[in-house]
Amino acid sequence: MEVVKEAGVAKPRLPPGFRFRPTDEELVVHYLRRRALASPLPAAVDIPDIRILAHDPSDLLPPGWSEQERYFFTCKEAKYVKGRRANRATGAGYWKATGKEKPVAVTVPAPAPPKGGAPGHAQQGQAVLVGMKRSLVFYRGKPPTGSKTDWVMHEYRLAGAGLAPCRRAAGGDAAATPAEGWVLCRVFRKKGSASANAAAANAASPGDRSDGEAEEEEEAGGAEEAAEGGRTFIDFFARADAAGRRQQQAQGQAEQQRRAASPVVSSSCLTDEQHGGPRGEQETTSRGA
């Protein structure tokens, strides 16, 4: 692992080729919970703290960004002073929740059986709730007439055992309770959308593409040009069958013409005998003479 010095502090950095692809459980336990406890994050991970409602999604993930997703820490904001409903409005639109929250759980190993106990079936691990995950889609405009975009956000919050106090190593016996206001947001474009494909194409340099990818892009480009030029699909198999039939017909016609032009065997024999008769008589007369 490479070490980079920033402002006199040595910070490890992941080697080239490695990507930050955590699971939901890892995001809640190793990142969100650490942030809620004001503990340092794992090495080589940069998740900034922002007020996500103050930014447009296109500013959070600008064109040419090396990754197709980005992670942020933010604090939940109440829509009303006396209420628990979260504020989702931004300057250019709003985030709308889709579906229900999904639980994020980790599997805790089952305790070992006591020594000398009766042998039994192996106990399976128990799933423990640590957080909740919610999906949101960004709409431009004001509700309820906003226009849906291809921007998606996954919001993670602590719940269950994730909010349990823990003891810090540096604080001795002092217990720390995670702050409930912190959430972790994963912002990205919906896969398969035109804007997401264009952003991925702009982020990738020509030298990073393999020969197979280049050939696929050339074939796709040729298909698009054919569609734009009004050219139809060419059935090469049908063409080959038609060419084979034409070749067979031509060979048949040539065979018929050759047979019609060639002399009949019986007529050639008669002609030889007719020519051979007078000639034989002349030879006999000359011998007798």
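Note that Cβ sites are derived from N, Cα and C of the backbone, with glycine treated the same way.
TrEMBL: automatically predicted annotations, no manual curation.
The feature compositional bias 'Low complexity' is assigned by TrEMBL to 195-205 (among others).
Sequence annotations record features per position, and here TrEMBL assigns compositional bias 'Acidic residues' to 213-227.
Summarising the annotation, TrEMBL assigns compositional bias 'Low complexity' to 239-261 (among others).
Among the features that TrEMBL reports, compositional bias 'Basic and acidic residues' is placed at 272-289.
According to TrEMBL, the feature domain 'NAC' maps to 14-190.
Summarising the annotation, TrEMBL assigns region 'Disordered' to 195-289.
In the compositional bias 'Low complexity' (239-261), the DSSP tally of helix, strand and coil residues is 23 helix, 0 strand, 0 coil.
When pLDDT is averaged over the domain 'NAC' (14-190), the result is 88.
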